[in-house]
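Beneath this line is the structure, given in structure tokens, with notes to follow.
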Amino acid sequence: MSEAIRLVKRDELHKLLNLYKYLHEDDPDVTGNNELEGLWTGICADPNIYYIVADVEGKLVSTCTMAIIKNLTRNLRPYGLIENVVTHPDYREKGLGTKVLKEAVEIANKNNCYKVMLMTGSTKEETLKFYEKVGFERGKKTGFLISL
């Protein structure tokens, strides 16, 4: 099995969207949305947004998004925010999600971030242990959310 952990390519939008079907199965299909291409162009041009993927023989099977947020505290050091972590069900338990997250943390480190944050909506113990295995600490901070 040939695998690569890398940044998503501009022409892989539809592969990425196919993978996102396993993240929020009830999300609407946006492939026909007129705003999609313009939004994707803007995302690809933003130097502070990284889409990390696991590519197995040309198929995107795991991903997360890393946003680097500029900051006026902590000696002007930015922080990282990870979102949209998902691995295709057929490729779970193979270490690919771990590799994708570790690459995201490495990107934050290269950008001199003082911390990386990640929230999960999952309460499954195996999911929480997965994040801890990568180095995230449970209970270190308290998260709050307003869904809009």
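Backbone N, Cα and C define each Cβ position, glycine as well.
The domain 'N-acetyltransferase' annotation in TrEMBL covers 3-148. Per-residue pLDDT, averaged along the domain 'N-acetyltransferase' (3-148), amounts to 96 for this model.
With DSSP classes pooled into helix, strand and coil, the tally for the domain 'N-acetyltransferase' (3-148) is 49 helix, 36 strand, 61 coil.
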